[in-house]
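Student: Below you will find the structure I want to go over with you.
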């Protein structure tokens, strides 16, 4: 599919696609949607009055009629005739008395209940709505409920398999959990044995999902087979640490005997942070309490590799900021291919300041407080380097397994210790290792080649990205080592890396290892994504994922190592968003179709020139059935042009969309550098719920700074986060406000994390001109409060760029008085975007006497907001708050009518006797 282009007479070219069993799509959010109960039921109707608004004309949009108000100044019972005398008069008199009493009682009830601004929850509003007539869309069925979204009922099923190399380097082996007719709990199959319906032909690694160790029942939560498939490393009692890291108790299962023993027999209950198999299957390197240990399976003895790990020194595992911003994982330990060496990080946090996180209800340490301290919160001190503050000092160390010796290799790189960020380590052959590192501001990349045998190293490649295009180096761990093979035309070792090339990210092949210039494998006005995916060394083929057909799509391609014969292996004639994982030799792959239609998975054979399907392993029939039963939004993908930049947009229209109506519009955004929210994945998420059940239009635009639209559009935001991104949101909102079917007086914007920052920044810049409402969850409000590695990558240091930090901070409180109202929510135990951001903003609002906002805090919740039903509550609050915004509740609060005294109102309620 060709990329949309601009048109002389239109600012965008739409491509309309209603939801059906053959097509659906997805956006992703920094916050995510997960299993939590919510309030809404399936039978609720879309929240939309018959005329497409709230049921009020323009004059009454923000003012409901108070109960009884129309009759308040009229006599309850009046007559122009005089009362008769005698018995008739007495009867009339008592009748009047009764009527007066009844009128007074009714007036009193109306006084107690009438005229108040009723805060209306989304569920209450939905119950009160009449279903709108079907028009504009052929979709039929029930609306999507928030409960369905939060509990994952709309989430596709994906088959979990792991490719492994066989003991004799066989290709096409995979590890998966058994089920159905397949024998065993954990098993290894090759592609051919999977075709046997009786399950025979594979190898069972674990017969049961539980194991017994010295009479103790162990229920493993995860398993890692050894390379020779004779043993399995198990983890139990797993506890989360940060986003990626966790600890647990580790066990080693012998496949033949189905017996297990502790990883460290001398300390069976010790909590381990990381454990990795040796490539020879004869040892496990592991980390406990920030020190590295080696267990050789030939004995029960554990070798201590490092001894001084602790609160300020981390060995083999990342600290908070490296886990979050550099590695995006829990391991900084790497075995050499020949199992002779282990490389690992030594992280010194002595100079990094602590940030306290209070826990008022829970105790993450698991420790019982001392007597008398039960009512004090637990305080967790986190080593958290903020922008401009001291960074952790990270060194790469090596362990010689045979000599039982730890050493380091000094390389002159012109980076000071606190000005170096190591972003990737890749073992080559014969004890050589490639190390990619950047300066603190992530705009100079240096590649080192270290020889562990001679214990020497040197810089072999330098890229000054700041001078190239003013951009930055995004950390990644996708560099691929290519061993020499003269018989296949590769006389020297080499590697494949992603490099900037003519304004886009592309693949280059560097050979030999110390080559400063690579052979370009890809080129063009499009970008590769997390590439390469795999390399077929026998055929000299490089497989990769790219956004070539459109920024919103992902297809799989392959190219020769000399850059020739690039071809797609997925169908590029229609929109698609594919993912892939390859077998050890790249002869097979698990192909995952993520959308826009219902996702499916298949194992494919890539040995020949033609790709063949071996087995379709997942088709998600339950989603196909649900799509037929529910009224889903129509999604329209299009482009807008802002300041000459083409931006991707998706508009979600409610079922039965009627262009003659006026609809409220919610903008949803994330907008962080290199991110993407507008894509062709299948998803029924919170935005889908808003369109389907509440009847609002939802628009998402990926503005400047986001990913896969070229480096020029991406790098322009550097040093001034929020400046261009907010303008793109406002410019797009103005385009929508001018549409005939949009109610320009009811437009809102919301986002989480960076999206929360963008919500506030957009409201600040817009000053109520376009957006009347906003909802910000866990927002950054000052980039000096965020971590150093992320902030400085996109903003430089505060010392280097003080004006940029000042401009990016939410400071214009006067501008924030112009929207009708905005909402800010935050978890009090957010270790990522600290509560400090919202508290400092609140203080600024107080000092400026700003009142048009609401706050909601979630005790003990971190950045994902999950603690004690918080995840359900945060989305319920978003939904309810939005309903009240578009129903005019917040406008009534902002423009209150002066109230009457109780006595005046009581007198008005009395009947007038004539």
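Here the Cβ of each residue, glycine as well, is placed from N, Cα and C on the backbone.
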Student: According to Swiss-Prot, which stretch among 29-49, 50-70, 71-91, 92-112 corresponds to the feature transmembrane segment?
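Tutor: From Swiss-Prot, the annotated transmembrane segment range turns out to be 92-112.
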Student: Cα-Cα, whole number of Å: residue 348 (N-linked glycosylation site) versus residue 863 (active site, charge relay system)?
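Tutor: So the Cα of residue 863 (active site, charge relay system) lies 26 Å away from that of residue 348 (N-linked glycosylation site).
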Student: Helix, strand or coil: which one is residue 348 (N-linked glycosylation site) in, per DSSP?
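Tutor: The three-state answer is strand.
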Student: Near the Cβ of residue 348 (N-linked glycosylation site), how many other Cβ atoms are there if near means within 10 Å?
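Tutor: A count of 16.
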Student: Within 10 Å of the Cβ of residue 863 (active site, charge relay system), how many other Cβ atoms are there?
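Tutor: A 10 Å sphere around the Cβ of residue 863 (active site, charge relay system) contains 21 other Cβ atoms.
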Student: Can you figure out which of 565, 639, 807, 830, 863 (the recorded positions) comes closest in space to residue 753 (active site, charge relay system), comparing Cα atoms?
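Tutor: Nearest by Cα distance to residue 753 (active site, charge relay system): 863.
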Student: Measuring CA to CA, name the entry from the recorded positions 565, 639, 807, 863 that ends up nearest residue 830 (active site, charge relay system).
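Tutor: Closest candidate to residue 830 (active site, charge relay system), judged by Cα separation, is 863.
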Student: To the nearest whole angstrom, state the Cα distance for the pair residue 863 (active site, charge relay system) and residue 565 (N-linked glycosylation site).
Tutor: 46
Student: Compute the C-alpha separation of residue 565 (N-linked glycosylation site) from residue 639 (N-linked glycosylation site), stating it in Å without decimals.
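Tutor: With the alpha carbons as reference points, the distance is 31 Å.
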Student: Which whole number is the mean pLDDT over the topological domain 'Cytoplasmic' (1-91)?
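Tutor: Taking every residue of the topological domain 'Cytoplasmic' (1-91) together, the mean pLDDT is 34.
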Student: List nothing but the one residue from 565, 639, 753, 807 whose Cβ has the fewest other Cβ atoms within 10 Å; the candidates are the recorded positions.
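Tutor: Checked 565, 639, 753, 807; of these recorded positions, fewest Cβ neighbours within 10 Å: 565.
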